[in-house]
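Trainee: One structure, as structure tokens, below. Some questions next.
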Amino acid sequence: MWKSRRAQLCLFSVLLAFLPSASSLNGDSKYMVLVPSQLYTETPEKICLHLYHLNETVTVTASLVSQTGRRNLFDELVVDKDLFQCVSFIIPTLNSPDEEEFLYVDIKGPTHEFSKRNAVLVKNKESVVFVQTDKPVYKPGQSVKFRVVSMDKTLRPLNELLPLAYIEDPKKNRIMQWRDIKTENGLKQMSFSLAAEPIQGPYKIVVHKQSGVKEEHSFTVMEFVLPRFNVDLKVPNAISVNDEVLQVTVCGKYTYGKPVPGQVKISICHETEAGCKEVNSKLDNNGCSTQEVNITELQSKKRNYEVQLFHVNATVTEEGTGLEFNGYGTTKIERITNKLIFLKADSHFRHGIPFFVKVRLVDIKGDPIPNERVFIKAQVLGYTSATTTDQHGLAKFSIDTAGFSGSSLHIKVNHKGKDSCYFFYCMEERYASAEHVAYAVYSLSKSYIYLVKETSSILPCNQIHTVQAHFILKGDLGVLKELVFYYLVMAQGSIIQTGNHTHQVEPGEAPVKGNFDLEIPVEFSMAPMAKMLIYTILPDGEVIADSVNFEIEKCLRNKVDLSFSSSQSLPASQTRLQVTASPQSLCGLRAVDQSVLLLKPEDELSPSWIYNLPGMQHNKFIPSSSLSEDREDCILYSSWVAEKHTDWVPHGREKDVYRYVEDMDLKAFTNLKIKLPKICFDSAPMSGPRGKFDLAFSSEVSGTLQKGSSKRPQPEEPPREDPPPKDPLAETIRKYFPETWVWDIVTVNSTGVAEVEMTVPDTITEWKAGALCLSNDTGLGLSSVVPLQAFQPFFVEVSLPYSVVRGEAFMLKATVMNYLPTSMRMSVQLEASPDFTAVPVGDDHDSYCLSANGRHTSSWLVTPKSLGNVNFSVSVEAQQSSEPCGSEVATVPETGRKDTVVKVLIVEPEGIKQEHTFNSLFCASDAEISEKMSLVLPPTVVKDSARAHFSVMGDILSSAIKNTQNLLHMPYGCGEQNMVLFAPNIYVLKYLDKTQQLTQKIKTKALGFLRAGYQRELNYKHKDGSYSAFGDQNGEREGNTWLTAFVLKSFAQARAFIFIDESHITHAFTWLSQQQKDNGCFRSSGSLFHNDIKHPVVSKALSCLESSWKTIEQGRNANFVYTKALMAYAFALAGNQDKRNEILKSLDEEAIKEDNSIHWERPQKPRKSEHNLYKPQASSVEVEMNAYVVLARLTAQPAPSPEDLTLSRSTIMWLTKQQNSNGGFSSTQDTVVALDALSKYGAVTFSRRQKTSLVTIQSTGSFSQKFQVENSNCLLLQQVPLPDIPGDYTISVSGEGCVYAQTTLRYNMHLEKQQSAFALRVQTVPLTCNNPKGHNSFQISLEISYTGSRPASNMVIADVKMLSGFIPLKPTVKKLERLEHISRTEVSNNNVLLYLDQVTNQTLAFSFIIQQDISVRNLQPAIVKVYDYYETDEVAYAEYSSPCSSDKQNV
């Protein structure tokens, strides 16, 4: 196809070459037509016509010619003798984003004919789109909020339909997608929730425009703790190689602006030298420290580098907490310690006119150096000079170019003289020098015009800028009476302004010279850069010109102001945010905690940022073909000499008018002299840039015009550059700490004002607020960033452990900080509670003085008395008192005189947690049915730890629906386990939809869980499209066949509900296909840590299944129960009813029928503990195979028979008894398959209740509770605590319909030695308290081996609970993942979880470190639990204590 297109282009180019392109001129008529080199569709564009000395009426025609034909732009009849006028036209939309086309300009009259073409780029009008997020960095599990903004190039809002937007994770997985997003008044707000364990790193929001152009915005996902304070490090940008001291200033400031007390460590390192210099100091009262660091030993004088660096690091450690934050900086070591900067030196010079140079001499800090000699040399001219810098470091020179005929001027300026140190060998100080090259402006007559750019500053909008023009005209001017200068101003690739100036020529004046001023209005449309071209035409047809660029203020028409009612507010107080903008503007507001921006700085929304957006950039058009303009013949050298009477020949580097026009991004159609003449010798063109044209023509003729060319132009370098008063004694209880406070859209009223009342969050910080507003009249406006300090004169911080064990005691500490400049008398109080006892430590609780900018800590020795969550409320209040504080009178602040902090502590019982669940499915039909239940406790139960509750549900899936993200009391840390967070939501949605019970609330919740599970599962994807339990782990693991098939199936089902990138399904399917053998079976690949489902019949290939069934049928081995169940379901899915029936019949012979239920058990079960009071829950594989039997019966074709439903119900009765308290089962895969079976059974048998069901539970004592179940509350989980444990209860059900009853019993039991499937040994290092380190930090060492009935366990979880007040040292835990047998580690609030692939009889040993966070007294032992993930009855317990747990010293 490409070759065909190239051939068409080639033929088209050849045909175009035969179209009229020569000029036929009459008399002195002159033509100059200027048009932008890039034209935009659906936008008014201008072509400027300049015709004069016409002696007849002519018609000017402009048209575009492309492969699709010719489009006429305009026909203009010109009757005037002289004309300078711009004509507007509009080009219709293209079918492609852009096209290179030929623009033809034809001028025809009775005796005139002029035709010329040039290549231009026609582009469809493009919108400007960008994305703003509510913050730059997110934690796992947080919601990413963002808004899409759409505008045209004038920055006015668009109601644009954007076809596609998506979020891409660091592995380029598309994790969320939206289609057909419609912006309203230029704005669309959207959000997306991150998974609890997403891939961490840089994410992208990608938005596609209708043209196919993509706009991207990045954000970061990472685990972080917001910095409490900022470290500001100041070092010089550069120092001399001879400097011996480096001044370093470090300041620590809290986010609310107050100084940080503490220490600072400064480290200075040379980038190429070993070793560093360190200095320690204390921060002063302002939170700062300035140090003069001797760096002599770090300096080097012999290095092969022009510039080297010092890397400076400052670590500030907060007093009291030990928190550390860093600041970084670099300082250059330069041997050129002074610099010469050209302030004025044009890029081009004019022969015969002085060339002015102005330079500034500055030192290494950028400060001007006065009274120093500066030398200048222009070697080609033989010009040398010297002068002394003035008080501003300036030196000025004027270079005479009279008699100079060269094409370039090389200028060098020096400070002092020659260097004693050359090249890069040494690091001694060198003297400053600078060079500049200027090229000649071409004019055969030596006539010139020159525009003076008086200032290098940025031009402000809405003002008049005066441009001064100087000119000198030589040569034969004849009887010229007046001279007209024409000018154009361009911005963003379009002609913005035009005008002219007439100069009267005095008779006999020669040469003609003078100057004049042009007043240019600076408009919004000219930003960020405007270009001005001025030219005039001499009588002989020569054109002289000049141009100048202006940097324009990046201004916005819509003036937006944002303000808070006060710049400082108390936490939890009311404030008002006011926005002023153009009337009816739509404004997006944002306010972010400054701590977030300290953690991850971002580019601030500003006019500069807007004008640098890709959609605002004007790209220079470079034609893809050498046929972009008509060929021109060269002039023979002999003719040149005869005509011009000179043997001087242009060199080719001079700047002619053609290049001035080209630099303006204009195309010129003219019969005037605007180009350097091309001189030929012996009919051959001169060598040089333009001499290559003929060769280029022959080699590139096939590429004349390109539609949607891939050779895109490069962007130009951007220019350098009050609420009602509150009771001041109102108490502040701080509990709301968002990272983004304001993220909202408001509409400004007709007077241009919008006000929003809001509550200040409880975070003591500085909030950074901003607004962007869009108006149909004035476009986009941005406010400056407005701070609000959420601050109170004093506040209290409370520290306590995450949890303690009953019987332990800990020190609760409350630190009060005073940030007023005066002293206060304070009282601090811990609110009394029956849940704990608190003994004050010290005598300062009633009243004490707190000095200005001081802090004070009060302590209580606390012993909890109740189990569960215990609240601690600490209040501090400034008191009115006549008693002085030292020599000062104690003051009381007007507002914020009391601060209260409430924190929660978990108090746990000692021992091992146990849970038992008793489930019953009652299906009543008028007659009452009942069941007795006994709750008993073991003799080793921990006192007061037992609790139980009874639940009633009207739907078989009620419990699972309520707990879809917490179905198991187990971790979910691998790819297979994550699917239990994903797949059940599909079954729930399908079931509720089919039974017409799906509410919007449940749907929203389930869709959120599906999206989170989808994100998490992508963590475990391999590059080849497969999946494994722990991902590829840098290529060390291969994909797992079973898990890949499961993910493929689940993703395919989830497509009906959420976005799933189709590539993930395609890649998984392709990988699975590659694993299939010739016989239809699949190669078993990768590790699956559930040994009981590692049978080869995972294949869905029927030929493989047929062969497997024959083997099983012949063997009659009971080991194949699981296999039969799975095969029955597989044949049912494949539609092979005969095979399904045959296998189900075989299974019926092995079924266990008891208690009105039917189920199947596997042989060779692991032995059960003799100490079990209750029948244990069925194993994972047994639940799974029974669920497969139900699924096989329900997948009958065309529908399940009454017998299928009856038998399924009997198995469902057994399955429901295996559910845990959250609606899940034993493990992950059994939960997924069983919930699938329950949902399908429920959907098939669902019917609306005709009568209410009445459920009653009563004890042998006085307790009795009734529940009603009806259609309106079928999904409601009704619950009541049970008072008598131990105790006997009776459950009775009457009415009509099925109800699901569940009793959950929980208690703790003391650890006792018993037979288990694992040998577990735990000890601490050091073992005793002899080592002082044992108080605060020690190592936990574990040894594990498998002693069960199988050769090896399944995947094993080691759950290590932390001692109260201790936390794990995370790096030492993470390091365990390097061990071969540990695939993953997790650190939660109070536990460390270790995932072991499997455990054999070979002992595995590993250890990590824990350290004390808060001191706890009477420290109780902590439990370590090791269990088989899929055989949860295989479990072992051990306990450990602190080496110093028996230490009786005070805490």
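All residue numbers here begin at 1 and follow the chain in the order shown.
Each Cβ is built from the backbone N, Cα and C atoms, and glycine gets one as well.
Since the structure is predicted, the reported quantities are computational estimates derived from the model, not experimental observations.
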Trainee: Which candidate, Cys555, Cys587, Cys923, Cys974, does Swiss-Prot give as the disulfide partner of Cys773?
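Mentor: Recorded partner, per Swiss-Prot: Cys587.
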Trainee: Return the residues near Cys1298 (disulfide bond), defined as same-chain residues 6+ apart in sequence whose C-beta is under 8 angstroms from its C-beta, sorted by sequence, else 'none'.
Mentor: Leu921, Phe922, Cys923, Ala924, Gly954, Ile956
Trainee: Write down the Cα-Cα distance for Cys773 (disulfide bond) and Cys461 (disulfide bond), rounded and given in Å.
Mentor: 20
Trainee: So if I draw a 10 Å sphere around the Cβ of Cys923 (disulfide bond), how many other Cβ atoms end up inside it?
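Mentor: If we count other Cβ atoms within 10 Å of Cys923 (disulfide bond), we arrive at 14.
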Trainee: Rounded to the nearest angstrom, how far is the Cα of Cys276 (disulfide bond) from the Cα of Cys849 (disulfide bond)?
Mentor: 44
Trainee: Mean pLDDT across the region 'Bait region' (677-734), rounded to an integer, is what?
Mentor: 41
Trainee: Is any of the recorded positions Cys276, Asn313, Asn500, Cys773 within 10 Å of Cys269 (disulfide bond) (Cα-Cα), and if so, which, in sequence order?
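Mentor: The recorded positions passing the 10 Å Cα test are Cys276, Asn313.
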Trainee: What is the separation, in Å, between the Cα atoms of Cys1274 (disulfide bond) and Cys1081 (disulfide bond)?
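Mentor: Cα to Cα, Cys1274 (disulfide bond) and Cys1081 (disulfide bond) are separated by 45 Å.
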Trainee: What same-chain residues, at least 6 away in sequence, bring their CB to under 8 Å of the CB of Asn500 (N-linked glycosylation site)?
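Mentor: The answer is Phe84, Val484, Phe485, Tyr486, Tyr487.
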Trainee: Of all the recorded positions given, namely Cys86, Cys288, Asn294, Asn1401, Cys1444, which is spatially nearest to Cys773 (disulfide bond) at the Cα level?
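Mentor: That would be Cys86, the closest of Cys86, Cys288, Asn294, Asn1401, Cys1444 to Cys773 (disulfide bond).
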Trainee: State the count of C-beta atoms found within 10 angstroms of the C-beta of Asn1401 (N-linked glycosylation site), not counting that atom itself.
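Mentor: Other Cβ atoms within 10 Å of Asn1401 (N-linked glycosylation site): 11.
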Trainee: Compared by Cα position, which of the recorded positions Cys251, Cys276, Cys288, Asn1401 is the closest one to Asn749 (N-linked glycosylation site)?
Mentor: Cys251
Trainee: For Asn294 (N-linked glycosylation site), which DSSP three-state class applies?
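Mentor: Going by the DSSP assignment, Asn294 (N-linked glycosylation site) falls within a strand, counted as strand.
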Trainee: Do you know which of the disulfide-bonded residues Cys86, Cys587, Cys885 has the most other C-beta atoms within 10 angstroms of its C-beta?
Mentor: Cys587
